[in-house]
Amino acid sequence: MLVSMQIYLVWPAVRALIAVTRRYHWALLAFAVAFQLVFSLAVQQQWNLGGLSGWVHAPEAWLPSYLGYVLVGALAGTHRERLVAWTRAHVRAVLGGCAAALALGVAVYRGQVYLAGQPPLVAGIVFQPVVAVESFAVAWTFLALGLVWTERGTPWRGLVRAASDASFGVYLIHPLLLQGLLLAVAAAGPAQPPDAVLLPVLVLAVVPLVYSVSGLVTALARRTPASLALTGRARVRARVPAPALVPTGGTR
């Protein structure tokens, strides 16, 4: 949320940059991707960058840490007609690229854990080059799937619309629920179970529970004055039925 607020603050400058560099958008795209990959590597490897080392050691809350994503998104929006046309004609290539990126991510994670001996939390940090590759691939895949969905007549439109409407609220609320759950587990003081037991419990029980409760809280929050702050959406107001027309018996 803090990063989103920073994007709102600098968005006029981003638009100005896109306009000024309109003849060099391919170069700007290459810079954006390269920056995100190199910066992610710097964070992962904890490079010593002098006065910038504090930023590299704690990058999460600062917009420049996501500069590549912001610029790529701005460029995609500027050239959306060409991007949509190319994606519609190459859906299989986009899906295949995403599958390859995800497979690479899993391979890198396993290599870091089982070959390099890194703890799983370290091997799974957000700021590493393979995650940047995955992020670009997944975002592009969402576009491709959305185009396929519209071409097939938008099946399950109501469900998709409801999920989309709740998505930002779930994104904002679920960390609070996770934090509360962690505090409750720490207070209960159970022994650390083996990974073979912990992973299925997390995937099959904790994750569905957290997202279900987040969705419920979001739905309730949408009907309160705090809806915009908590869910990023305007408040849902009860529909007032239109008054029925009552015949008056008048002449035609």
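Cβ atoms are placed via backbone N, Cα and C, with glycine included.
Per TrEMBL, the feature domain 'Acyltransferase 3' maps to 2-211.
According to TrEMBL, the feature transmembrane segment maps to 24-43 (among others).
Within the chain carrying the transmembrane segment (63-79), a Cβ under 8 angstroms from the stretch's Cβ atoms is held by residues 3, 6-7, 10, 14-15, 17-18, 25, 28-29, 31-37, 39, 43, 55, 127, 132, 135-136, all 6 or more beyond its ends. The transmembrane segment annotation in TrEMBL covers 63-79 (among others).
Sequence-remote contacts of a segment are chain residues at least 6 beyond its ends whose Cβ falls under 8 Å from one of its Cβ atoms, and for the transmembrane segment (91-109) they are 123-124, 128, 130-131, 133-134, 136-138, 140-141, 143-144, 147-148. Here TrEMBL flags 91-109 (among others) as transmembrane segment.
Proximity of distant same-chain residues to the transmembrane segment (121-149), defined by a Cβ-Cβ separation under 8 Å and at least 6 residues beyond the stretch ends, is recorded for 33, 36-37, 39-41, 43-44, 59-60, 65, 68-69, 72, 83-84, 87-88, 91, 94-95, 97-98, 100-102, 104-105, 108-109, 112-113, 155, 160. Taken from TrEMBL, the feature transmembrane segment applies to 121-149 (among others).
The feature transmembrane segment is assigned by TrEMBL to 170-191 (among others). Within the same chain, residues 1, 206, 210-211, 213-215, 217-218, 221, 230-232 sit at least 6 positions outside the transmembrane segment (170-191) and bring their C-beta atoms closer than 8 Å to a C-beta of that stretch.
What TrEMBL records for 197-221 (among others) is transmembrane segment. Sequence-distant contacts of the transmembrane segment (197-221) (same chain, at least 6 residues past either end, Cβ-Cβ under 8 Å): 166, 169-170, 173-174, 177-178, 181, 227, 230-231.
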Could you tell me the mean pLDDT the prediction assigns to the domain 'Acyltransferase 3' (2-211)?
92
